[in-house]
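Input: a single structure, listed below in structure tokens.
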């Protein structure tokens with residue numbers, strides 16, 4: 001792994017902000033390392049983000065283009081434009097204006113359910129930690145970098161199929177578990193090339209053959 005890619009990743013503004021927030025929340029979490037509920041909440045946050053990674057990607061980011069111009073531009077920034085220009089670094093990462101409100105809302109719900117600041121902070125730590133893992137995996141998939149592990153190489157291959165073969169499959173970025181569970185994992189050789197894989201806005205055009 002070349003140092004320039006590590007620098008490029010961690011100095012990108014959105015990643016830098018999330019990394020700082022992660023270190024702050026992690027330091028608070030580690031101050032309660034001896035409490036079992038801390039680790040349970042941490043793992044729950046990671047699992048929660050892993051599930052949302054797939055669900056948001058499939059059902060929000062690939063949503064039919066909204067009629068409202070504001071929401072259309074929002075969706076274009078979040079994902080449509082990323083499919084049109086997959087290797088553009090400025091379209092690769094989730095913007096903080098999207099991530100921070102979701103994390104804050106999730107943390108608020110967790111606190112309302114538990115009335116426990118320790119559990120809430122640990123849960124949020126898990127969420128942010130897995131978000132950064134997602135961002136790193138996604139980053140590596142789109143940069144000229146060979147992942148070190150067989151798992152990483154496999155996930156990179158699946159994600160590139162999603163971008164260059166067919167956008168209807170392989171939504172998972174860090175794991176194919178939910179693709180397998182929900183029927184969007186296929187053998188690449190059994191899937192036809194989609195004509196809209198680089199233009200998600202045209203997926204619902206009647207004259208387009210998928």
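Backbone N, Cα and C define each Cβ position, glycine as well.
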Could you tell me which of the ranges 12-30, 69-87 is annotated in TrEMBL as transmembrane segment? 12-30
Overall pLDDT of the domain 'Fatty acid hydroxylase' (43-184), taken as the mean: 97
Need a quick answer: max count of Cβ pairs under 8 Å to the transmembrane segment (118-136), which of 12-30, 36-56, 91-112 is it? 36-56
For the transmembrane segment (12-30), could you work out the same-chain residues 6 or more beyond its ends whose Cβ comes under 8 Å from its Cβ atoms? 38, 42, 89, 93-96, 99, 121-122, 124-125, 128-129, 131-132, 135
Treating G and I as helix alongside H, and B as strand alongside E, what does DSSP give for the domain 'Fatty acid hydroxylase' (43-184) in helix, strand and coil? 104 helix, 0 strand, 38 coil
